[in-house]
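Copied over from TrEMBL, here are the features:
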{"type": "BINDING", "residues": "A:LYS108, A:LYS148, A:GLU182, A:GLU183, A:MET184, A:VAL185, A:GLU190, A:HIS212, A:ASN266, A:GLU267", "note": "ATP binding site"}
{"type": "DOMAIN", "residues": "A:112-296", "note": "domain 'ATP-grasp'"}
Protein chains: 2
Amino acid sequence: MTLTSPGPTVGVVGGGQLGRMLGEAAAPLGLELLVADPTPDCPAAPVVRDQLVGGFEDEETFRDLAERSDYLTFEIELADPDVLERVAEETGTPVHPAPETLRTIQDKLVQKRRLADAGVPVPEFRAVDSAADLREACEDLGYPAMLKARTGGYDGRGNVPVEGPDAVEDAVDDIAGPAMVEEMVDFERELAVMGCRGDGERDAFPVTETIHEAEILRESVAPARASDDVRERARDVAHDVLDAMDGRGVFGIELFETTDGEILLNEIAPRPHNSGHWTIEGCHTSQFEQHLRAVAGLPLGTTDQRFPTVSTNILGDVAERQPAALSGEEGILETPRAHLHWYGKREVYDLRKMGHVTLTGDDPDALLADARDLRDGLTFE
Amino acid sequence: MTLTSPGPTVGVVGGGQLGRMLGEAAAPLGLELLVADPTPDCPAAPVVRDQLVGGFEDEETFRDLAERSDYLTFEIELADPDVLERVAEETGTPVHPAPETLRTIQDKLVQKRRLADAGVPVPEFRAVDSAADLREACEDLGYPAMLKARTGGYDGRGNVPVEGPDAVEDAVDDIAGPAMVEEMVDFERELAVMGCRGDGERDAFPVTETIHEAEILRESVAPARASDDVRERARDVAHDVLDAMDGRGVFGIELFETTDGEILLNEIAPRPHNSGHWTIEGCHTSQFEQHLRAVAGLPLGTTDQRFPTVSTNILGDVAERQPAALSGEEGILETPRAHLHWYGKREVYDLRKMGHVTLTGDDPDALLADARDLRDGLTFE
């Protein structure tokens, strides 16, 4: 291999916080980053070579991006896999992970079928195209069950719990499109593994415990406060998931540890993931560096952990969309081993991901309590 | 304090590798960076908001930079302090560290006098304006002695050893300008401390051992392989140096540990310094984050060390100036806990600083040997 200046350019579809953190990780490796995003001056813009302004299905933008890049990747599932595939073919710029993988993952039903076929343990599920389908499925799976839109869901949007037979019609109306239903999993805790496929190698970061509220990630604790055996099995499942995917890159793999001690796959994301932000300080290689290494065909870095680490999201807590102004951040800046990550989003709205805070130390319980205290000291004005 | 988007902008005079690493550190804190540098597409350009192209004495460029920035700083001593001072006054944009501090440091004689007056231990020195001055000084200080240009020296350029009375005339001719001469210090090892002045606080990173060859830094070892007592006294000297300076920011403080066990100040740089690059991985706060915190008036981060750490420079090893192309970097990428930092310089020439490699671990001796092996595996093609 040869390092040059300028080095290879990685074109990223999407320039939100994930693009911004990819930008922070690129320069040491000698990589240059371009992002394409419809929002002018997106979060990644100040730390990358250039932003192309265009939508996630805009073929012209994708083509410009591909022509200026040596590798293409994406940091948002809304990227159109058909357009990516066409542009890659026309320009010869490879896309990682493979557009086919993105297509599979975008449709939750196709995703689950593919993984179940590959032997990955998943909750029981059924396709749902009508209220009759849902009623029949729930007779098998039991109530409550979770109805999910097959496409477009995000941070719990597109998920509707079905409490009983009377709720079936409304749930199907709510989703208003192709759906799937899953048994409601009785879980001890939720886990996540950031896996990575490189050029002929694969690896996984230490298992993370993820704490959600209203289906939005609040905190990540690494290593997960689960038994060694559970953590080992979670990693095994992650490896099986990676083997079922195509192309290179980081995958966020969300899992359930059931009350029976089983590991079940919940969902995967073909990109760096919120539950892996802690790796920036907590591991020797961050998930962002790892994704770039994979996409650019460089050797993967070690996934070893530096310290027990907790991160907590900074979410919007305002009633109305308004310019972002956060007070209380000096509490984070004054705390040794607390790390602020501000995403630079111009506006805040309720529950919008505006940044995160990472704390490293020794004891996960104490770190979690401290991280919550720091976060609770923040207010949007 | 309040975090906004966009956050405060820091304007940096100079956009070399130090500007690039400042750029990598800015976004998490919510800061935006602008750099001014005469070389179009300088190393910092791909990771900052914008580069202004202009020289280090160009008042128009400095004014543009100041008008677009909330704080001004510099990453190169060639920045003109008079211009900085005028522009700061005209635009109201504060400069850190103070231009007066830069002016003091730029003149090695003034620097040494100021520090000696403040009680900092320094090698014996004399002003030299003629061969007669040098001859007289060396009668006091003994031969060999080190003649140094008062201004413009860098990486050993501007330093001439004076071996005996016969070498006096040539040495003065070589420097061809105002100079100073210092006793040649018989040192056990060279040390460096990255100190920082914040808003009403000051702190210093752990003492680093620096290994030079032909007066160019080759490796840094942290903590320095010196006694606890020596390290403690080196930190004390660093604190005294910080107290003698004005304005906020990181200072690179280079020291000698003499064979008699004394600590003597060698030189200071009013900016992040090559001997502190190891802090990116080796400390919880890097010198680059610390400099930005200080300049922007944020609380300083902890200077605690994460692990024993060694870094080694990647220097040009070519006879002629040529496009940069480095082979052998896969050795670094494949080594767990080795971190590549490529500066993105377009061209390489002999001994040019092209990048560095950092290794973290347990045993400084082993890390140093491993880092040298990795570096020796690199070749410019």
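The backbone N, Cα and C atoms fix where each Cβ goes, glycine too.
Unlike curated entries, TrEMBL annotations are predicted automatically.
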Restricting to the chain of A:GLU190 (ATP binding site) and a gap of 6 or more, list residues whose Cβ falls under 8 Å of its Cβ, or answer none. A:GLU209, A:THR210, A:ILE211, A:HIS212, A:GLU254, A:LEU255, A:PHE256, A:GLU257, A:ASN266
DSSP three-state assignment (helix, strand or coil) for A:ASN266 (ATP binding site): strand
Could you check what DSSP calls A:LYS108 (ATP binding site) once collapsed to helix, strand or coil? helix
For ATP, with binders A:LYS108, A:LYS148, A:GLU182, A:GLU183, A:MET184, A:VAL185, A:GLU190, A:HIS212, A:ASN266, A:GLU267, what's the maximum Cα separation in whole Å? 20
Which residues, sitting 6 or more apart from A:LYS108 (ATP binding site) on the same chain, put a CB under 8 Å from its CB? A:LYS148, A:ALA149, A:ARG150, A:THR151, A:GLY153, A:MET180, A:GLU267
According to DSSP, collapsed to three classes, what secondary structure does A:GLU190 (ATP binding site) have? strand
Please name the residue among the binding-site residues A:GLU182, A:MET184, A:ASN266 whose C-beta has the most neighbouring C-beta atoms within 10 angstroms. A:GLU182
